[in-house]
Protein chains: 2
Amino acid sequence: MMDKLYPWKEINGGISAPLGFYACGVKAGIKYKDKYDLALILSETPASAAGTFTRNVVKAHPLVLTEKHLADGKAQAVIVNSGNANACMGEIGDNAASEMAKVTAEELALAPEDILVSSTGVIGQELPLAKVIAGIRTAAKEVQALKGKVSESEKTEYAHQAASAIMTTDMVCKELALELQCAQGTIKLGIMAKGSGMIHPNMGTMLCFITTDAQVAQDKLKGLLKAATDESFNMVTVDGDTSTNDMVVILANGLSGVAPEGQEWENFSAMVREACCTMAKAIARDGEGASKFLEVKVAGAASLEAARMIARSVCSSNLVKSAMYGEDANWGRILAAAGYSGASFDPNKADIYLNGLQVAAHGQGLPFSETEASVLLKNTDIKVDVVLGDGKEQAVAWGCDLTHKYIDINADYRT
Amino acid sequence: MMDKLYPWKEINGGISAPLGFYACGVKAGIKYKDKYDLALILSETPASAAGTFTRNVVKAHPLVLTEKHLADGKAQAVIVNSGNANACMGEIGDNAASEMAKVTAEELALAPEDILVSSTGVIGQELPLAKVIAGIRTAAKEVQALKGKVSESEKTEYAHQAASAIMTTDMVCKELALELQCAQGTIKLGIMAKGSGMIHPNMGTMLCFITTDAQVAQDKLKGLLKAATDESFNMVTVDGDTSTNDMVVILANGLSGVAPEGQEWENFSAMVREACCTMAKAIARDGEGASKFLEVKVAGAASLEAARMIARSVCSSNLVKSAMYGEDANWGRILAAAGYSGASFDPNKADIYLNGLQVAAHGQGLPFSETEASVLLKNTDIKVDVVLGDGKEQAVAWGCDLTHKYIDINADYRT
């Protein structure tokens, strides 16, 4: 998946690849009997930590708690459950989130403030707390038992269970580990994510957890995470429905002994951004209802913000998404969706390409072969290029088509 | 449709009900052979005029021209074609729009600047100008022949042809006439509109034309039209796709001799707003793909803007729309859509009702009978009430559900 020109390389170990990180997943029976549904990530030592959270006014209870626990810029463990979002439950929900942190802390001999809590699943239903607590106790024992082990394959297997435990209707388990050679040593990064291109029963929550053994101050880590999120997860447009539970968290425990500076910092930042973009693309691609993956690139924009707004608008237009499902080279819908994005641009300078075939120039349609277009659009990957004549900024958004299956999935899942 | 408490009443005559207005529709053969596709509205005397236009950066050629022709606040005729949007065609498109104004002016012995031009249909295809010009000549003759006629039923019939001529995939012809008794005489209002709840081949363009014989200064007319549009057409949320051709235009020729002031102005304003809301609801209701009409009312908001943002967000959420199609009382999606609307509110004070059944209180789910909910949601009209505890402002948005048929219609219409 990674290009050879990058200064980093892919390794095994998933979320627990970086030094001093351990992770596991257990089957707590929250919603299903035989599914990994509780993940625990532990760092041997306190780590710098930062998070970005849903912009929804309605925030799930664990998010509120986790934001509080991140106030000091430190954390040492993350506990995540799937199968229940623990959202819109009032005091019961607040208590459940606190209890998850408290029990995790007890079992790991840490302070509750060093535990980050996250949930995904159906909203408005009470978390089966007894099951979750029992699961936490099991997970804590497992993860501590891993501390002595050095077998890479075993670490990788447990990390995979953790990544599986946060899946809901995801078809594909999303995890990755990378390492970057620096002058003073090697920095490793682990990442795991959940979410799918089409919205789902669980409100299409997007979760991502990142671990690294780099030494990074909390303020720098926070800035880096925000930039990476803006470029990756915030560019996955599905249908505009933003979950109450979305969360991206990064922990940097410094155990590599390497504090990247200068060019090494640039490389490290690029590695974090690339890891996030890889997860974001996997999320866009992984839709039960989706039949095609869309990548919309806007170039030649006057500002980065304009490029992003236009890319997101085109990629989330129901009309564009339906046309791509129908393999219809409907450039008019693309230009119109760019037009109502809220960004200002000169439509008379806009060129449009579909999988490389130019279909419009200077805001007007070109004569093109419908046969050729139709063949190109039979691809499961559709690349839309919108080239403006306004400047030099560019952005990419990822999404998927709008299909009959989307309606099937979302018309009646709750009951 | 009109409540008896209103100070106005419904009359016949459609768009040409007000004194001195004449309208007709002809079959110019623009896209189909045997369909009314060109409408002409004429006022005997110059009228105060105002318009509101699409907020899409990509504006169709007739819109650009019409905005110019409205600069002096006066107009005397409107020429509208369906079957072709005359959008994204560069110079050819600008010329075609100018030509439509020029020929109409010639035939009616008016200045081109007094003609407003409007189009709806597929974008990016050349307007068959010869057919349109021939149609304009026929329509101009017809409309002028009407001047002597006083038969109300004949006027009504011709007005209906005009309203039919602007339909594209609309299932229902949308027109209405109202009259308001004032101390000095009677003010009449005619309105016709097109657009449908689901987006369509023609980009779901929304057009509306309003005529009145009230005496209204242009600046007052402009303010009134903006307020009415904000409350009506801007609250129809379909799927966020905004057409390049959307246009609402009002002409007031003053021939009633009544210049409403004070309470009469309030009544007149309310009549215009109510007429626009009636058209807006008809548009939301009229979707080929739609199986249900949604009305989302937000009350108790801190500001009008917040109420509108939340109402629109809930009404346009694909998740909410899919749930309504599936007759699933999924209040969590409603609260979540309110949450990402961009408006700030206290979710812990939000109550939610579905066709009168309260399903959530203070941001949390209530135990309710799924059977009762399911019966209520079998209605083709679904009313969602979101009652906030933040203030006294309220707003209503209209839309429809998201169905399999929507995908059928939009996946492949162009080719």
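Including glycine, each Cβ sits where the backbone N, Cα and C put it.
What TrEMBL says about this protein:
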ACT_SITE  A:Thr205  active site, nucleophile
BINDING   A:Thr168, A:Lys194, A:Thr205, A:Glu288, A:Asn410, A:Thr415  substrate binding site
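All features noted in TrEMBL, drawn onto the structure.
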residue: A:Thr168; record: substrate binding site; CB count, 10 Å: 23
residue: A:Lys194; record: substrate binding site; CB count, 10 Å: 31
residue: A:Thr205; record: active site, nucleophile; CB count, 10 Å: 28
residue: A:Asn410; record: substrate binding site; CB count, 10 Å: 30
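When secondary structure is read from DSSP and collapsed to three states, A:Lys194 (substrate binding site) falls in the strand class. Proximity to chain B, taken as a Cβ less than 8 Å from one of its Cβ atoms, holds for A:Asn410 among the recorded positions A:Thr168, A:Lys194, A:Thr205, A:Asn410. If you take the Cα of A:Asn410 (substrate binding site) and the Cα of the residue listed as 'active site, nucleophile', they are about 14 angstrom apart, rounded to a whole number.
The residue listed as 'active site, nucleophile' is 9 Å away from A:Thr168 (substrate binding site) when you measure Cα to Cα. A distance of 8 Å separates the Cα atom of A:Thr205 (active site, nucleophile) from that of A:Lys194 (substrate binding site). DSSP assigns A:Asn410 (substrate binding site) to a helical segment in the three-state reduction.
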